[in-house]
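Participant: Straight out of Swiss-Prot:
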ZN_FING   4-60  zinc finger
BINDING   Cys9, Cys12, Cys33, Cys36  Zn(2+) 1 binding site
BINDING   Cys24, Cys27, His46, His50  Zn(2+) 2 binding site
ZN_FING   78-101  zinc finger
REGION    141-194  region 'Disordered'
COMPBIAS  175-192  compositional bias 'Low complexity'
COILED    224-261  coiled coil
REGION    242-289  region 'Disordered'
COMPBIAS  260-279  compositional bias 'Low complexity'
COMPBIAS  280-289  compositional bias 'Polar residues'
Amino acid sequence: MSRHEGVSCDACLKGNFRGRRYKCLICYDYDLCASCYESGATTTRHTTEHPMQCILTRVDFDLYYGGEAFSVEQPQSFTCPYCGKMGYTETSLQEHVTSEHAETSTEVICPICAALPGGDPNHVTDDFAAHLTLEHRAPRDLDESSGVRHVRRMFHPGRGLGGPRARRTNMHFTSSSTGGLSSSQSSSYSPSNREAMDPIAELLSQLSGVRRSAGGQLNSSGPSASQLQQLQMQLQLERQQAQAARQQLETARNATRQRSNPSNISASIPPPSTATNTAMTESNPLASHSSQFLLTRLNEPKMSEAERQALESERADRSLFVQELLLSTLMREESSSSDEDERRDFADFGAMGCVDIMPLDVALESLNLKESSTGKEPPPPPL
């Protein structure tokens with residue numbers, strides 16, 4: 001393995017990088033590549049004073065050590081997470097912690113669990129000495145006859161340390177006692193078994209990450225699917241309401257049209273066939289002619305023969321009276337027009353200086369009237 005699979009640098013964000021990997025033993029899940037570590041990359045939570053554990057890939061270890069085999073008694077490079085000193089083996093690291101940092105309760109990450117294949121790279125504990133005693137104590141008499149361990153991690157010289165360390169407040173840790181592998185178990189594994197453990201652990205971690213991401217996607221897509229269903233239901237209801245309103249408007253319009261134009265009722269109804277059309281056109285005149293007298297017939301009261309004869313005589317008298325009245329009015333108009341013509345002619349004749357000849361009886365009457373008027377007049381008064 002020439003890459004750190006599944007690991008990314010928190011400074012340059014390079015994933016699956018090559019070369020040395022430096023893991024912070026104070027910050028949770030914080031890794032740096034060799035270039036960022038040497039350049040002194042820092043963040044708000046990570047400083048250059050934090051102790052780091054150097055982790056090598058298989059290819060880099062073979063390149064540096066040439067495939068040499070180291071026994072259990074020979075030194076291995078682990079870093080103390082409290083003081084930052086390097087070059088400890090599992091046994092020497094435990095002795096150093098119990099003697100120097102027995103009363104320290106700062107939460108740190110176990111460098112052995114982070115460096116060993118198959119271990120928890122982010123195992124946080126606030127009792128590091130007890131963790132080493134329970135998980136990484138290796139009795140020497142239980143080792144295999146070969147007594148050989150293929151060291152994969154190395155100590156990086158030139159690592160400085162200085163200044164106090166602040167206690168971390170936002171730290172996630174597990175109190176499980178099975179987080180790491182014991183030295184007896186790890187020492188019994190051959191190099192081939194250790195090499196086979198790395199891809200299995202990586203596959204398990206990848207599968208767990210895929211399951212979590214899939215679960216998050218399902219949870220996030222659940223509400224969206226329900227919201228889409230609700231929107232579809234609302235759209236269907238709105239469409240149904242709009243169709244019902246349109247139907248009501250159409251029926252109201254048809255009713256008003258039928259009331260305003262009753263003759264268009266037959267035109268608005270579609271004809272079923274041509275034969276029925278011809279039959280309706282033939283029967284329409286008769287129906288209209290008979291419908292004219294329908295109301296009159298219904299309104300006529302039932303009368304006897306004598307009543308009918310009396311009614312007919314009254315109607316005849318009324319008609320005669322109306323005829324005579326019309327004739328008399330016409331005759332009066334003609335006579336009045338002739339009298340007016342005669343008067344006009346007499347006025348014209350008098351204007352010409354002619355005297356009209358009066359009849360004899362008219363002249364006598366006018367004379368008698370004059371005599372009577374002269375006889376009855378009083379005598380004129382004396383002068």
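In case you wondered, yes, glycine gets a Cβ from its N, Cα and C as well.
Context for these features, please: burial, neighbours, distances.
Facilitator: The zinc finger (4-60) scores a mean pLDDT of 89 in the predicted structure.
Summarising the environment of Cys36 (Zn(2+) 1 binding site), the number of other Cβ atoms within 10 Å of its Cβ, over all protein chains shown, is 19. In the three-state DSSP scheme, Cys36 (Zn(2+) 1 binding site) is classed as helix.
Cβ neighbour count for His46 (Zn(2+) 2 binding site): 17 (other Cβ atoms within 10 Å of its Cβ, all protein chains included).
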Participant: Count up the helix, strand and coil residues in the zinc finger (78-101) according to DSSP, in that order.
Facilitator: 11 helix, 2 strand, 11 coil
Participant: Reported as an integer number of Å, what is the Cα distance between Cys9 (Zn(2+) 1 binding site) and Cys24 (Zn(2+) 2 binding site)?
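Facilitator: A Cα-Cα distance of 12 Å.
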